[in-house]
């Protein structure tokens, strides 16, 4: 029986490794054509074969990446548009959004989640893990909302790409991920591109942009990284329903956001600075702005002033769209981490930067935060895409090496069992 089990494992391993052997054959064909002095057209055809093979074997993850890319870009755009309308009331928008997420996730989970979850998962308490994730997410949301208020659209796309090296570092440190040289090279290409862009932008005068708020936005990436790693650890140990996880996290965030409310009293926040004695008034004005469309801050406000001007007319529509795309973003992110890994999510998320920069060119997408196209954006787009391709090549090499090691181990185990049977 043990011999048969080993034989089945070998068959499964060989089946999983088949696509890598086909890739090897394509590479060898390409090397042969180069040695034989193949034409330029033949070399191009060989490259397209490799690309087609990669896409065909990973069609699901590429479709999922396109869906995630679309949702993530729209989520970021509507977050910025919401802040431009009601940027004085970030706490109100954050709490309202958490409440909407909690209600929606609990309704859907009560209808569909219980049928999918097993009895062990339903009866086990994960409150500590849910609370940890909610604390990390709450820190990230508050910091991101503050940072986005004075961070221009183009710089947003650059800053968000820093999640790649941050995720790589902490996954290596905590989850014991191992990377290929090409993974590091791809990440370095992206980071260097970001550094050059930031250096260039630092010499430009941009009234809407603040280096302090840029740093706040960058700091919001660290709790996101730890939150994703916590999700992966829980998913690997227990089969937790994605809807239940997001519902409970949203519930805890209603309270964890209150713990971070004193952050708004920090004086360096300038336009977002909120003294303790004005907190309750700000909350009331925020609800009036969001649900009644009533402007409160209309005088002595604006760019460079102590306060942002309210633009509450139709704010609830923009906020509703932001909530919808953010809910979808959370679900897709959890699904990717559940079915794949934090590393896969990092690879997928790296494509949102250039897409976001280009999305800000179109008024029907960006609305009042539309930007003029710049050559610098296309330079960074090339850097992002080139770095992402190099990163993916490193991942393919690691996957191929892992498959071969498993196949060799199964082969050795089969030979050992055969020898023992013959000896007996």
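Using N, Cα and C of the backbone, Cβ positions are placed for all residues, glycine too.
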From 375-397, 398-420, the residue range that Swiss-Prot assigns the feature transmembrane segment: 375-397
Identical membrane-side domain name, residue 45 and residue 341, from Swiss-Prot: yes
Fewest-neighbour residue among disulfide-bonded residues, criterion Cβ within 10 Å, set 289, 301, 312: 301
Residues near residue 309 (disulfide bond) in space but at least six apart in sequence (CB under 8 A): 295, 297, 298, 301, 302
